[in-house]
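Summarising the annotation, TrEMBL assigns region 'Disordered' to 1-21. Taken from TrEMBL, the feature domain 'Ig-like' applies to 26-130, 297-383, 388-459, 479-569, 789-874, 996-1084. What TrEMBL lists as domain 'Fibronectin type-III' is 576-670, 674-785, 886-982.
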Amino acid sequence: MGRKDSVWSLGEGQAPEDLEKPIDTPPLSTLLIEKPSSATVPVGGDIVFVAKVEAKDLLRKPTIKWFKGKWMDLASKTGKHLQLKETFDRFTKIHTFEMHIIKAKDNYAGNYRCEVSYKDKFDSCSFDLEVKGWFNSEGQDDAGELDFSGLLKHREVKQQDDAPEVDVWEILKNARPDQYEKIAFMYGITDLRGLLKRMKKMPKEEKKTFAKKLEPAYQVDKGGKIRLVVDLADPTVELKWYKNGQEIRPTPKYIFEHKGTQRIMVINNCSMMDDAAYSVAAGDEKCSTELFVKELPIKIVKGIEPVKTTVNERIELECEVSEEGAQVKWMKNGVEVPTGVRSRYRVKSEGTKHFLVIDDASKEDTGTYSVMASGGTSEAHVQVDLKPLKIYQDLQDMTVKLGEPIKLQCEIYPGNVPGRWYRNGQLIQPSDRINIIHRNKIHRLEIATSSLHDAGDYTFVPEGYSQSLCAKIHIIDPPRVHLESLNFPDNTVTIVAGNKLRLEIPISGEPAPRVVWMKGERSGHRVRAETHGDQTSLTIEVTEREDSGNYKIVLQNEAGEDTASVKIKVVDIPDAPEAPLVPEVGGDWCSMTWEPPKYDGGSPILGYFVERKKKQSSRWMRLNFDLIKETQFEPKKMIEGVPYEVRIFAVNAIGVSKPSEPSKAFTPLAVTSEPTMLVVDDVTDTTVTVKWRPPETIGAAGLDGYLVEYCIEGSETTSNVVKGPYRLCDADDWVISNKELTEKTKYTITGLSPGCKILVRVKALNAAGASAPRTLQHSILVKEVVEPPKIRVPRHLKMTYTRRVGEAVNLVVPFMGKPRPKVTWLKDGQAIEPTHVNIRNTDCDSIIFIRKAERSHSGKYEMSVQVENHKDTAIIDIQIVDLPGPPQAVTIEDVWGGNVALVWTPPKDNGNAPITGYTIQKADKKTMEWYTCIEHYHRNCITITELVVGNEYFFRIFSENMCGLSESATQTKKSALIVKEGKNYCPVYHDFKEAPKFTQPLINTFAIAGYNATLNCSVRANPRAKVIWMKNKMTIIDDPRYRMFSNQGVCTLEIRKPSPYDGGMYTCKAINDLGEAQVDCKLEVKG
């Protein structure tokens, strides 16, 4: 009976134990160029879903999977109702994947998913299938087909579980939607979405007939018994059972039982005819199931036995099976035995026994016979041999040298039996060289001249008999090495190291000689020797210099021995030279030497390459493109002060060696140029002071210091050496004055004898050495000279030196004179008190310092320097200035029209500086807010114009000098009322006073950290209100991060570069005599 296709529907969703596990999916990418979309199909209809993938960038076919629900893979569900197809268009480079659903059923509806993956790329698409109409079991040929293996698993679980069955559908129908997931988890429902969709489509039933319906499928073994059970909600309903639509009547085979509300049909002694669809009808409701009858396999109880017989005998093979009437199949060597009328084989059976009979056996009946049943097989070997033959003389094995004759002879009975001669299984035919003789009982084979092809196994087969006579002929030939065919001079092979060497040498000998390769007296340990047929080969995959030497080939077989030698010479690049030496370094050059490499690679050294690099760099630069024949070189054009390294390559005919180790790092350095402008600065009875300027060229090595040397004129070595305007000294006459280098450009040579004459020179030293010396042009007489004093007053001190009160005064006045002059200071002819003014004197200048100047420090300071009877004086005028006082009196001279004439007197205190101008301001009597009318005004009277008629004004004046405006101003005592001409103006006074009131409140603000933020509001009040800013109810006072402004009632708080900690609740509070008001806002600072 053929197998029925299993239904792959019933989307089961994700397993309960995997609900809480995250589903790992590869990162999504775009692979699908056409995705399957949701569709609707009627029950019994066909539908195709198509997915396309572009393969231009793919090296192989992508992997595609089709799923139903969350995890059911449809690849294992293919059959009559589901087919998966794929095609590839070579022109468009597009893979097309199709899923065909044939004769759709209601339970095929649900959510599907298509997943495509290629290496690390992944793409997926979900779509829904809706099946319209309900499934009718009577109108479908394949009604009731299910996933049988899955249903059996579910049934086994139910049999093991003693808990009462629960109708999940009823629970879901009566539950609230928010309880669906809890119920699904409690009862192990994995495809909740599919169940809910199906529940929506189900018609609402007013009354149920079946409390429990038939299982979807049942299975029973052939010959067994099965019980089909339904549970009725209404026991009074009449019940009818059907098989394939035909009503079933009670018989001994079909027994109907009643147990309470249960109705049971028992099927006894099930056969293959009972494999059908069963249904039960109760009123208008019907339920169905399908019964699968499993046929038991036919087993072989007793197998066939092997048979060994001779020609013309009867052969009978017998086996016994487990069941009568079973069908078996007889096979010979895997091919079914023909059992027709004209066949030599006869088949018969007796009950459970089956026989295969061969009446007249022949040699061709030899083979392996087997019998096959549905439950097993049995096989045995049948051997049919010829009848035995008498052998008086058997064939004898022979060993023959190449070229000698061969004679094989045997004697058998009966003598009239012909036979055939075979060599290595090939029939031997007579020829000019081969002679076959048969005389009575004797059979002989003669070969006149043996060759290598004559060696082998010889067999004489008597015709019609199972026996055969065998002998082995062995042809031998002494071994020989054929080096002459290589055409190598002196049998020497030269190869470059690193290349593969394969040396093939022809050889001969029979039997094939044993070949041994030896290097010296030992076998080569790095070579691979192989022998194939008539040649032997020596292979070295990567040759090295150690592979050079004489290789000996030894051939041996039973016919003799032969030897030969081959010399292999491996040439290589030379070894890397040792690290070069750098004995001398200049400003942009160096000299380097090196030794040749210890091994020249078997080829003479042709020359060398030189490379250099900066020490901190990894890039080497080649210095020569033509080979250097010598072992020394002088690189040039290097950067002074930069550390370098050099290395060497040796070159022979094979190639360039590896680089040598880098030399020790060296830095090209140059000595500085000679110091400049060497002059005598001072001379005393025992010392000489010289000074100079640094060299014009210092270089990268820098300047470590100076070395001062002197030579006493009049010594024996210098008395006769005269050149130019001064005498020359030998190198031994120069005395080093400073044992340690001096970094200053001035030095005093001490310990000299009074009255002697000396020559002085200075050298600049750095890491590269000493520069050329700078020598004084004339000798110096060691004797102190009186120099009259002279004060060198700086240019800015020749005029009045002005500073503000509180600033520091630091004046340096240089002077000259020898010996050191005596310095005195007077202020306005009086001695200066050290507590007020600090004075410090050196050999060449005097410093006057006032830490915090006051106006009392103003005056004329007289400086005197004296050397013996010589004296010089200088006067320095110091003026300390301050802000001026306000004008003494401001009066209103006249008022006419929109004009007011003002007069005032200069201030009593001008701040110790001339008055440079005045600033005039006006204020309306109502607001008393001051506005500047004019600045930097120089006269003591002014007319203010363009005043508003009807307003009453006050005026005030600030005085100004070089330090700025006076700290206070002088205000007019009276006000000026501006009236309209020609009318008597009677002022009407109104009370404009009011408590503070905010006309524009603060607004909640977001600020960015690091950028200034402002908070603005406006307030109206009379008199003017005092504005207070608070943060989180704390008043902001003297905080440099905040700036507060108030102009015409607009209040502004600026927060400089706020941070997240500046966020909070800010409050602006306005207070005057009539009351107070406040507004709040929230500031949030985002980082």
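Using the three backbone atoms N, Cα and C, a Cβ is placed for every residue, glycine included.
Nobody curates TrEMBL annotations by hand; they come from automatic prediction.
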Segment confidence, the domain 'Ig-like' (388-459), expressed as mean pLDDT = 87
Range from 388-459, 479-569, 886-982 with most C-beta pairs under 8 A to the domain 'Ig-like' (789-874) = 886-982
Where among 26-130, 388-459, 674-785, 886-982 do we find the most Cβ pairs under 8 Å to the domain 'Ig-like' (479-569)?
-> 388-459
Looking only at the domain 'Ig-like' (789-874), what are its DSSP counts of helix, strand and coil residues?
-> 6 helix, 49 strand, 31 coil
